Amino acid sequence: MILASVLRSGPGGGLPLRPLLGPALALRARSTSATDTHHVEMARERSKTVTSFYNQSAIDAAAEKPSVRLTPTMMLYAGRSQDGSHLLKSARYLQQELPVRIAHRIKGFRCLPFIIGCNPTILHVHELYIRAFQKLTDFPPIKDQADEAQYCQLVRQLLDDHKDVVTLLAEGLRESRKHIEDEKLVRYFLDKTLTSRLGIRMLATHHLALHEDKPDFVGIICTRLSPKKIIEKWVDFARRLCEHKYGNAPRVRINGHVAARFPFIPMPLDYILPELLKNAMRATMESHLDTPYNVPDVVITIANNDVDLIIRISDRGGGIAHKDLDRVMDYHFTTAEASTQDPRISPLFGHLDMHSGAQSGPMHGFGFGLPTSRAYAEYLGGSLQLQSLQGIGTDVYLRLRHIDGREESFRI
């Protein structure tokens, strides 16, 4: 039974409080502790939020509409005007588009199995989406620059409210993992939710960035992106993290088309590269624990052509065991999967996170790094593939389609 059908089964479509809160919270309600009472009240308010919006026709109507995805080229050429009209057009597009995409995700939460959807952490994320829909649809039509400025404030607030969504989803699924019977359904839900979130954040951040006058940028689009420079930035980050954990880190050599420059959106690389680099460095250090100050280099090769950008990350970290190879791109939230020892599957560097904010941080520590990176790459018309030589090392191939290439670009 899915969550939506159970929620609608209460008297008058209401949601019974006791099943929603679960035994643990029901027990706390009997406590005289002020803290426990506060938690129960928060859970009660959460249940009211979900209940009050489940039968709202606006969400159902918006969920039936298709999303209008833009190509980066469309965003690039619509991103400048002398009179500022591009800001109004962009804001009006967001005002129409964001509620539709968020309604699609609310529908996804409704389709989760009831026992998973009632997990307090998952329910909190569900509530965030419902509140975002409410705030966006309550905003009056954007008529002038003053309206647009207020809309920007709302967008910034929502971006901040949702910055920890990936971490929360991972936590919620790990908490309810013993109740997961259909892993394909949950993985489909995660793929759709995470890639939709990426698209929403790219569109929203692009609009906010249109207000900035930054050299070589139109919104979030860099007109002369250097893959070598962005790789170097995340190499420095991953090496610091690795040195903190192991006392040393592999050196990194970059070769190939190191002088390449082209229009591209850095944001997806800012999500994906830290995960791939941390994996390579951890695997290298874990396979050379006897000689931590004499470890092989990680080698990164850049290949640029008129269709796509390819980044190969090669490590000598011992490769991936045959038994793990088929599962390494899966989300790992079940008990059996949590026990694996492969560095690419187990939590990455524990919960040690030197990079806060909404970039790579949310993927850390839950075995979500590779599958999330794979989902992002596919959403952007590319791919993420592994070639492993067990006993030697692993090559990771990241392919991302150009936004101005010979073939049609991806849509956001």
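Keep in mind that glycine also has a Cβ here, set from the backbone N, Cα and C atoms.
For 1-30, the entry in Swiss-Prot reads transit peptide.
As annotated by Swiss-Prot, phosphoserine applies to Ser31 (among others).
The phosphoserine feature in Swiss-Prot is assigned to Ser52 (among others); the stated evidence is similarity to another entry.
Taken from Swiss-Prot, the feature domain 'Histidine kinase' covers 159-404. In the predicted structure, the domain 'Histidine kinase' (159-404) carries a mean pLDDT of 87.
Per Swiss-Prot, N6-acetyllysine is recorded for Lys192 (among others), and the stated evidence type is a large-scale study or a structure entry. In the three-state DSSP scheme, Lys192 (N6-acetyllysine) is classed as helix.
Residues or ranges marked as N6-acetyllysine by Swiss-Prot: Lys233 (among others). If you draw a 10 Å sphere around the CB of Lys233 (N6-acetyllysine), it holds 15 other CB atoms from the protein chains shown.
Leu370 (ATP binding site) falls within a helical segment according to DSSP. As annotated by Swiss-Prot, ATP binding site applies to Asn279, Asp315, Thr334, Thr335, His364, Gly367, Leu370, with the evidence given as experimental evidence.
Asn279 (ATP binding site) carries a helical DSSP state (H, G or I). Just so you know, the Cβ of Asn279 (ATP binding site) picks up 26 other Cβ atoms within 10 Å once every protein chain is counted. Here Swiss-Prot flags Asn279 as Mg(2+) binding site.
Val328 (K(+) binding site) carries neither a helix nor a strand DSSP state and counts as coil. Positions annotated as K(+) binding site by Swiss-Prot, on the basis of experimental evidence: Val328, Asp330, Phe333, Gly367.
As annotated by Swiss-Prot, phosphoserine applies to Ser356 (among others).
According to Swiss-Prot, the feature phosphoserine maps to Ser360 (among others).
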Q. If you count other Cβ atoms within 10 Å of each one's Cβ, which of the binding-site residues Asp315, Asp330 has the most?
A. Asp315
Q. Which number gives the other C-beta atoms within 10 angstroms of the C-beta of Lys192 (N6-acetyllysine), all protein chains shown included?
A. 16
Q: Ten-angstrom check, please: count other Cβ atoms within 10 Å of the Cβ of Gly367 (ATP binding site), all chains counted.
A: 24
(Q) Whole-number answer please: how many Å between the C-alpha atoms of Asp315 (ATP binding site) and Asp330 (K(+) binding site)? (A) 21
